[in-house]
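Visitor: I am attaching a structure below and will ask some questions about it afterwards.
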Amino acid sequence: MTIVDTNHNSIGLHTIQTTHVQEDDTIKTNQYKISDDPHDKKLLRKLDLHLIPTMTLLYLLSYLDRVNIGQAKLDGLMESLKLTSAQYNACLSVFFITYVAFEIPSNLVLKKLRPSRWIPSIMIAWGIVMTLMGLVHSYGGLLACRLVLGAAESGLFPGAVFYLSSWYRRRELSWRISILLSATSLAGAFGGVLAFGISRMRGIGGQEGWRWIFYIEGMMTVVVGVAAFFLINDFPSDRPKFLTEEECDRTITRLQSDAGPGAGEHFSWKQVRAAFLDWKIYMFCLCYICIVVPSYSLALVSPTIAQGLGFRSYRAQLMTAPPYVFAFITTMTTAYFSDRYTRRAIFIMFWLIITITGFIILIVAQNLNVKYFAVFLATGGISPCIAICVTFISCNISPHTKRATALAFMISVGNCGGVISGQIYRSQDGPRFILGHAINLGFCVLGLVSVIILFISLRLENLRRDRIYGVVSGSDSTTSVITKELHCGCGSEEDRRKWGYEHMSEEEIRDLGDKHATWRYIL
């Protein structure tokens, strides 16, 4: 059977073959699946070209502006402002207070407004704040700037992840989000080299080297933020100019197909409430915060750790780069195989075990070369975990508003770990920092336990739905919306009776999302 869309393009459909579901029956849902278009690869390349580079550049600058205070510390920030160790750590942690507070509101604003306006606006705002940080002369001034910087930056990462999840199918997300998050590794590698170069400007204009780090990197962000007004496209339903009408239709159809029958794209406060009432969200949050704490703490204090390994201040800035180059490689390699095999949890488990090994070596080893190798393991192991964890929740939460809320909430809770990460490496614990490494080790172990619980629970839920409603067969383990009746996400009358939804309204069925009978979780 074939149907013809509004542009008279034929879409091949499989014959519908359903039976009354008993305990051991199987529903062959290839009949629900929209066949992959041979032009999809060309469409994906076009989407990648117009979406990924811009988002990655923006997040690279965001992360660079967030953690460059660690490089400024090596170049005399604490001595210039007469900061104590406790005051410096407070400046690290206070950023995440406003960052967490504004993440969910920002994502809801992004859902209401156009990404091409909201994202560039907040980017220009934090670029200005970053530039002004170079003018501070007191602890209070630096603290205030870090507070405002957190509020301004809060919308970018959850907004970028939600934005990408609104363009790509679930099995295509890991690679793209990992490219986005690889910016953190690039920022770690590039930031050390850039800070080393900029710090050579000390004395120009009577300014210290650390001030020039804030000036240059802040102005870079403002310039890119202005350009972002012209580089960022909105959602597929807004018919962006870089796509033809046929390509827009195909993009929307692919998303409807992937989302399944419970796929409402409308804004709904009911979906917002559903996100907070879903136990999975809190387990994802626990997993994420246990990954974020080691990641942020390493990013913030890696120059200090490198200095503690015996490198002088200028060389310590450079020696932070190689571990993050390795982290970039592990992140991208993991993303490729994660998308290829459509697996998430197993990769998080593997890399958390590697990270745990790294922190154990950092605690017990005395040899500096061995400890530097352990920094590679810890940095390279934790980096891919963040990308896969974000993809993990993006693939398993629906509909749109619920996913946007869940993503922002998980990232907000995770970034509470930023408050912790700024406190666990204290100056008095150097140069070995055993307490900080031990705390990070504990978080990694707890993260490993939480992802195992998620994996087992979601696997059991898939098996339960298979047993009750029949096995969903298909390459991506999710049913697809095909016929005109199904495009609203409600199914045929026969489907509704089979699922037990015959007394539910269309909006109620659309709001089911991942609770729908035909949804299967990606593990």
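Even glycines carry a Cβ here, placed using N, Cα and C.
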Visitor: Out of 89-110, 177-198, which range is noted as transmembrane segment by TrEMBL?
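Guide: The listed stretch tagged transmembrane segment in TrEMBL is 177-198.
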Visitor: Looking at the candidate ranges 51-68, 321-338, report the one that TrEMBL labels transmembrane segment.
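Guide: Spelled out, TrEMBL records transmembrane segment over residues 321-338, not the other listed ranges.
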Visitor: Residues sitting near the transmembrane segment (210-232): Cβ under 8 Å, six or more positions beyond its termini, same chain?
Guide: 54, 57-58, 61-62, 64-65, 68, 71-73, 75-77, 80, 115-117, 119-121, 123-124, 126-135, 194-195, 198-199, 201-202, 204
Visitor: Going through 345-366, 405-425, 437-458 one by one, which has the most CB pairs that fall under 8 Å from the transmembrane segment (281-301)?
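Guide: That would be 405-425.
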Visitor: What residues in the same chain, six or more past the boundaries of the transmembrane segment (123-141), come closer than 8 Å to it by Cβ-Cβ distance?
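Guide: Contacts with the transmembrane segment (123-141): 58, 61-62, 65, 81-83, 87, 91, 148-149, 152-153, 156, 207, 211-215, 217-226, 228.
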Visitor: Cβ pairs under 8 Å with the transmembrane segment (372-393): which stretch of 147-165, 177-198, 321-338, 405-425, 437-458 has the most?
Guide: 321-338
